[in-house]
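Just below is one structure, and these are the notes that go with it.
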Amino acid sequence: MALWVTAVLALACLGGLATPGPVRRSTSPPVALRELIEELSNITQDQKTSLCNSSMVWSVDLTAGGFCAALESLTNISSCNAIHRTQRILNGLCNQKASDVASSPPDTKIEVAQFISKLLNYSKQLFRYGH
């Protein structure tokens, strides 16, 4: 009986040594990106009146400039409470200084509501397919 208990304990100890190493964490999309998607979804769903009094912003190429370009475009909108949280989230997602953002000069203006929808689609693609 003692030999049997010793064998079981030995196997248990050796089994612990043979277990695989630490399990890699799956790389989940950043929390800030999820927050941005939620915020943009809320903004686009709650449009009973015109967003930001139909203010216009520069249309930017989000695939080239990313969140920094979006933030730069929305910076000139100051009197619109609906997008303040979006601006704060974009500020956290933009990891470059404003002077480092190299983008072609914009030539087209679009309504803020259209820009927000465009930014929402871009963010969803990043969330699905990664950076």
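Every residue, even glycine, has its Cβ placed from backbone N, Cα and C.
Here Swiss-Prot flags 1-18 as signal peptide, drawing on sequence analysis.
Positions annotated as N-linked glycosylation site by Swiss-Prot, on the basis of sequence analysis: ASN42 (among others). Under 8 Å, Cβ to Cβ, and six or more positions away along its own chain, ASN42 (N-linked glycosylation site) finds no residue.
The disulfide bond annotation in Swiss-Prot covers CYS52-CYS80 (among others) and rests on similarity to another entry. With a cut-off of 8 Å between CB atoms and residues at least 6 apart in sequence, the same chain places ILE77, SER79, CYS80, ALA82, ILE83, VAL112, ALA113 near CYS52 (disulfide bond), listed in sequence order. Following the DSSP three-state reduction, the secondary structure of CYS52 (disulfide bond) is helix.
The N-linked glycosylation site annotation in Swiss-Prot covers ASN53 (among others) and rests on sequence analysis. Summarising the environment of ASN53 (N-linked glycosylation site), the number of other Cβ atoms within 10 Å of its Cβ, over all protein chains shown, is 10.
All chains included, 22 other C-beta atoms sit within 10 angstroms of the C-beta of CYS68 (disulfide bond). According to Swiss-Prot, the feature disulfide bond maps to CYS68-CYS94 (among others).
Look at Swiss-Prot and you will find ASN76 (among others) tagged as N-linked glycosylation site. Long-range neighbours of ASN76 (N-linked glycosylation site) (same chain, six or more residues apart, CB within less than 8 Å of its CB): VAL57.
Summarising the annotation, Swiss-Prot assigns N-linked glycosylation site to ASN121 (among others) and lists sequence analysis as the type of evidence. All chains included, 12 other C-beta atoms sit within 10 angstroms of the C-beta of ASN121 (N-linked glycosylation site). ASN121 (N-linked glycosylation site) carries a helical DSSP state (H, G or I).
Using a 10 Å Cα-Cα cut-off around ASN121 (N-linked glycosylation site), the recorded positions ASN53, CYS68, CYS94 reduce to an empty set. For the disulfide-bonded residues CYS80, CYS94, the greatest number of Cβ atoms within 10 Å around a candidate Cβ is found at CYS94. Reported as a whole number, the C-alpha separation between CYS68 (disulfide bond) and ASN53 (N-linked glycosylation site) equals 24 Å.
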